[in-house]
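Chemist: To start, I am sharing the structure in question, which I have written as structure tokens.
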Amino acid sequence: MEKVWESGRRMSRSIGRGMGMEAWGVDEAFMPQNSGGGGGSRGRRRSGRGGTADDDEEALRWAAIERLPTYSRMRTAILSSAEEEAAAAAAGAGKQQYKEVDVRRLGVGERQEFIERVFRVAEEDNQRFLQKLRNRIDRVGIELPTVEVRFEELMVQARCHVGSRALPTLLNTARNIAEAALGLVGVRPGRQATLTILRGVSGAVRPSRMTLLLGPPSSGKTTLLLALAGKLDPSLRRGGEVTYNGFELEEFVAQKTAAYISQTDVHVGEMTVKETLDFSARCQGVGTKYDLLTELARREKEAGIRPEPEVDLFMKATSMEGVESSLQTDYTLRILGLDICADTIVGDQMQRGISGGQKKRVTTGEMIVGPTKVLFMDEISTGLDSSTTFQIVKCLQQIVHLGEATILMSLLQPAPETFELFDDIILLSEGQIVYQGPREYVLEFFESCGFRCPERKGTADFLQEVTSKKDQEQYWADKHRPYRYISVSEFAQRFKRFHVGLQLENHLSVPFDKTRSHQAALVFSKQSVSTTELLKASFAKEWLLIKRNSFVYIFKTIQLIIVALVASTVFLRTQMHTRNLDDGFVYIGALLFSLIVNMFNGFAELSLTITRLPVFFKHRDLLFYPAWIFTLPNVILRIPFSIIESIVWVIVTYYTIGFAPEADRFFKQLLLVFLIQQMAGGLFRATAGLCRSMIIAQTGGALALLIFFVLGGFLLPKAFIPKWWIWGYWVSPLMYGYNALAVNEFYSPRWMNKFVLDNNGVPKRLGIALMEGANIFTDKNWFWIGAAGLLGFTMFFNVLFTLSLVYLNPLGKPQAVISEETAKEAEGNGDARHTVRNGSTKSNGGNHKEMREMRLSARLSNSSSNGVSRLMSIGSNEAGPRRGMVLPFTPLSMSFDDVNYYVDMPAEMKQQGVVDDRLQLLRDVTGSFRPAVLTALMGVSGAGKTTLMDVLAGRKTGGYIEGDMRISGYPKNQETFARISGYCEQNDIHSPQVTVRESLIYSAFLRLPEKIGDQEITDDIKIQFVDEVMELVELDNLKDALVGLPGITGLSTEQRKRLTIAVELVANPSIIFMDEPTSGLDARAAAIVMRTVRNTVDTGRTVVCTIHQPSIDIFEAFDELLLLKRGGQVIYSGQLGRNSQKMIEYFEAIPGVPKIKDKYNPATWMLEVSSVAAEVRLNMDFAEYYKTSDLYKQNKVLVNQLSQPEPGTSDLHFPTKYSQSTIGQFRACLWKQWLTYWRSPDYNLVRFSFTLFTALLLGTIFWKIGTKMGNANSLRMVIGAMYTAVMFIGINNCATVQPIVSIERTVFYRERAAGMYSAMPYAIAQVVMEIPYVFVQTAYYTLIVYAMMSFQWTAAKFFWFFFVSYFSFLYFTYYGMMTVAISPNHEVAAIFAAAFYSLFNLFSGFFIPRPRIPKWWIWYYWLCPLAWTVYGLIVTQYGDLEQIISVPGQSNQTISYYVTHHFGYHRKFMPVVAPVLVLFAVFFAFMYAICIKKLNFQHR
């Protein structure tokens, strides 16, 4: 073996062992072998590549393995080690080194070494290795299980809203709630239409054949895939049948037999790629691989066949269940090209991880790492370049052909070479199958219908366009007949008469013989892995996530320590006495505060659980594990942290405050605090499971706390709770915790050995008197009753959480919408099929008609790229010269010379031994972009395309930039550059609640100046310009459609791309950067977007686009190409030429570069011939070659020319930084905020509903309490009610505003970077927008509470109650906004905000009256906003009442005297309280504005 390696064959694609011939070499070993020769002398003969000594060594090892018991034999394999071979070679030994290994304990190094040797070039070595696996199986005559999926007369229908009724306004949402409530009792008001998604389709997906699913948008591809995988939403109506090997879906477990790979990537962001795949592999198990291996080994032993070591090791290693990290994972990582990022976290919105294309591959790998052989794959190539897509599909094709798997895959823009990998094609359009059968006959079918695919047109692109009414005519090829539109239904009928259709019909007419189905083909058990293994995997994953989220737990503990220290010093034992009832009530306040802090401590579980739910729901639907397997580790692994936090709290507070000194009472309180924490964690987990959405869960959690808090027995004693609410007292967990804590404390000797006189003058033990006065149970057994109650609630909440995970589905599914016009047309012609785009609907009716056709520039006829004319023909029936646009602009060029970009070296790379301080991402990039020239910026993933664009556009927020950048010869100044440039980001970031036209008007009004040259730019001219831009980008018929959230409501992906372009165009820029404008689009949508781009260029603007996997049409629509290689180096910069000829000539001139094949996509060919593997093969560096070329010298000359200003020109200059004045910016921002708030029911309706519920709850619980002022306890109850209402409504306002501000802040970063406005007008507009909504909220809250509690109806008192409540709600809302502004996201903001809730509570004056707060903490009382609120509410209502009340242990007093001396509230202080409340609101709003201006958490 070592001779092979030493002879220069290191580039050989794998290492294999031959089976049969004497003295095989490496190349011969990879040759395909006949699969029929089972056993015989041929199988027994062995030869070594290193001679007989090697063969003898291997034979001895194998003989030793054969003597082992069956179980051990299945776990033991022979491994040849490269390191040991090298050592032997150095020592002069002439034989190969082997060792026996336990495949369950293969080390990381051993696995990696094996993969490196066997799969050096993934797609090529994969085929060879799989061929050897297959040969081994065939040699002993084992038949692999196969699955044929058939569907007959499959029909799927949905019910959906019509027209504007679907828009998410406050009014529509209220109607939806009302209709849902009526629907529960059988009444179904409202207009809904039936949408037929699939119309009686029939077909078959066969094993060993790769099947491609094609179709235009909304044709039903995803629905078909879901239906075949048995994963259709239960709310959909389904007809027809789907069978696997003749078995219907109900007869076996479809989720285990087949896997649906979604087009959305849902993963745990904190886990690495390898950990994600390992967990998936452990949950899916190995299926029947072990049984197959056992039978294989038995037959080989009988036949005397000795398998190849590598093949044997691989099969054994991938057949072992319960391995933490499997060789199957390493294999999957390699064939998907994920091995380079295996140890990188996947990432999410909170943390940077792998790229979007890599995430897409992880989604695929998560399923193929398991034993499932039936795969339904939905658009798995989004975000991938064409060469990566080709590699992945090629590997999957090999698995299908050699492993007899069944795969149906939909792709958006498959390149011709990828298309050629498929055996069968299913073409779906308008819910009907137009063609299904061999790929070779698909063009023949359409030619029989009169349509022909053009020469330089990809077949897949042709197939997706030929059924479209807009695009069909250009493909008409029958010159003997005039063109007429052929409908989808007619195509479908013609296919049934086509020879392929007839064969399919014959195939389906013969039922599948169930007896032919392999017993291992289908899975009949929901659980394929043992419970023990699932628990091990789940515990390991949960522990890993806890370690990765350790910051949260450390932060929580530190926060708890701080609050404990504050509480200890507030209730310091030197200030705490046990003399009378007043002293006792202070202790009750300390116990109550302890209870509430530890209850609130569980709030973090809410957001942590919500973020995990999407991944859980995905795993649940795939039957990875039952729900309790997810919840058990979740609960158990939190217990140690809860114990630590409980110990910390009790140790810090117990003796410092001065609770009962007995040791047993210390440990009893510790137990109770622990149980309270466990109960709180269970409560918030259950809330998260029931609500399933962050905003709703925040409100639901606050609602649960409110009910438990109010009915816990401490705000309102049991005797005072109305009988209609008494049930709430018994189901409040806080009641059990409160009573248990109090009994534990007040039964101590220091309370029981002292006596006080009751109202009748009879002596009573102080502890008993205290408990009776506070309505606490006086039975000492209540400690254990309370502890048992808390334990019971803990178990109940966790069971409820588990049940919610079992039975509830995730929220926020896309809602199909039918426009008014489409519905009327369907009613008129009786067509049940409606064309649907999720949520793309006009607010005043239908807008689903295709976009109006565009005038084309006369410049097109002279274009050098013939791809342009074909591109423009898509969807266009008219053409003519474009008139000039209403606003002039100055064409500008951009040149850049030797641009370098560095970032600080990542810590992970430094840990791996990298010594440099900086990582270089761009290296000596030189080039230019010119007016009326469309430039493509290309390169493989990670080449630095977006990085270069960000650097040139000035969008980088970090790193180090070097080089010379000039605009028309003058040095680039970012402030002025932002005014004349536009940047279309890949992610299409827009405010979701405004319409298309409103988005454009908003951008135009902020970015267009008052004057261009001598021309005044009036508002009417701006509106006219907006209309022209909408026409240019074909959005005029979508002008009244809501933008919406991607994938949920609003515009389709392609429409959002065009909106992104339009938003930049209305700024009238001279230079436009576009990042991936066609990513995630099908061929037709990409063509529409590119036509928009081309139209933009033809107005004379400078446009640059990064692009991933262009079709031939799209690629040749560009004029020039700037190509980067990995490392950010230029390898080509120049013209494409007609049919890309100039670019092709450049690369073909390089020695060793293969010629382009006929009809091959030039973009794909270019990426392939310039890849890293090609550089290794040619032993050259393309970047160095380019730098020595004539092309480079020409570009240098051009850059030097463009770096000199033309005579008579001047540098860009604007008198102000922004186009609009500060007032103008504020007006525009306020206008958009108004629209956003009105159309945000999930925010405003939720908080309004919560406020209404709180008001009614408090009103019914504290019914007419204002008239029952007989004693001090009644007054304390009223104060408690007021404090509770303001605190909970305030906290809910704070929590619900955070996600809204966070979403809008993302848009703000884009708009501010574009130079639309400064931060202050934006922030002030958002602050002002809250005022009317909070006013409405306060108005109905005040009326309800004031009336039901029967406070005194005087104008002054009512006004003061309203005033204090209004500004309290307002400052809480602004406090929430401020916490977002100082945090990277709303999850961190929620934790930060919660940290101060406890302090607000403690110093509110409710738990400990102001006169009793130690002097060293009194300063914080005056800084606590909640304290001023309670002060204002109490003193305005009761500060002037002279009614006599009884006070326990003291003489009777007036209410005003008691309020002044017990609580420290002075009536004369009211003129100070009012402005202070206003100041708190102003302060938080001001801090929000300052932080949003100064802090930037966007890392680019």
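Cβ coordinates come from backbone N, Cα and C, glycine included.
Straight out of Swiss-Prot:
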BINDING   Gly215, Pro216, Pro217, Ser218, Ser219, Gly220, Lys221, Thr222  ATP 1 binding site
BINDING   Gly939, Val940, Ser941, Gly942, Ala943, Gly944, Lys945, Thr946  ATP 2 binding site
COMPBIAS  822-834  compositional bias 'Basic and acidic residues'
DOMAIN    182-455  domain 'ABC transporter 1'
DOMAIN    533-746  domain 'ABC transmembrane type-2 1'
DOMAIN    894-1151  domain 'ABC transporter 2'
REGION    26-56  region 'Disordered'
REGION    822-850  region 'Disordered'
Chemist: How many whole Å apart are the CA atoms of Pro216 (ATP 1 binding site) and Ser941 (ATP 2 binding site)?
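Modeler: Pro216 (ATP 1 binding site) and Ser941 (ATP 2 binding site) have their Cα atoms 27 Å apart.
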Chemist: Near Ser219 (ATP 1 binding site), which residues of its chain come within a Cβ-Cβ distance under 8 Å, counting only those 6 or more away in sequence?
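Modeler: Listed in sequence order: Leu428, Ser429, Glu430, Gly431.
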Chemist: Using the centroid of the Cβ atoms of Gly939, Val940, Ser941, Gly942, Ala943, Gly944, Lys945, Thr946 as reference, list every other same-chain residue with Cβ within 8 Å of it (recorded ATP 2 site), in sequence order.
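Modeler: These residues sit around the ATP 2 site: Thr947, Leu1124, Arg1126.
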Chemist: Between Gly942 (ATP 2 binding site) and Gly220 (ATP 1 binding site), what C-alpha distance do you get in Å?
Modeler: 34
Chemist: List every residue in the same chain as Thr946 (ATP 2 binding site), at least 6 positions away in sequence, whose Cβ is under 8 Å from its Cβ.
Modeler: Gln986, Asp1075, Glu1076, Thr1106
Chemist: With DSSP assignments reduced to helix, strand and coil, which class does Gly942 (ATP 2 binding site) get?
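Modeler: Once the DSSP labels are grouped into three classes, Gly942 (ATP 2 binding site) ends up as coil.
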Chemist: Relative to the mean position of the Cβ atoms of Gly215, Pro216, Pro217, Ser218, Ser219, Gly220, Lys221, Thr222, the recorded ATP 1 site, which additional same-chain residues have Cβ within 8 Å?
Modeler: Leu428, Ser429
Chemist: Count, for each of the binding-site residues Gly215, Gly220, Gly939, Gly942, Gly944, the other C-beta atoms lying within 10 angstroms of its own C-beta, and report the residue with the smallest count.
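Modeler: It is Gly942 that, of the binding-site residues Gly215, Gly220, Gly939, Gly942, Gly944, has the fewest other Cβ atoms within 10 Å.
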Chemist: Distance between Ala943 (ATP 2 binding site) and Pro217 (ATP 1 binding site) at the Cα atoms, whole Å?
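Modeler: About 31 Å separates the two Cα atoms.
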Chemist: Can you grab the distance from Gly220 (ATP 1 binding site) over to Gly944 (ATP 2 binding site)? Cα atoms, rounded to a whole Å.
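Modeler: Cα to Cα, Gly220 (ATP 1 binding site) and Gly944 (ATP 2 binding site) are separated by 36 Å.
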Chemist: Three-state secondary structure of Ser219 (ATP 1 binding site) from DSSP?
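Modeler: In the DSSP reduction, Ser219 (ATP 1 binding site) maps to coil.
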Chemist: By the count of other Cβ atoms within 10 Å, pick out the sparsest of the binding-site residues Val940, Ala943.
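Modeler: Counting other Cβ atoms within 10 Å of each of the binding-site residues Val940, Ala943, the minimum falls on Val940.
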Chemist: Counting across all protein chains present, how many other Cβ atoms fall within 10 Å of the Cβ of Pro217 (ATP 1 binding site)?
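Modeler: Neighbour count, Cβ to Cβ under the 10 Å cut-off: 17.
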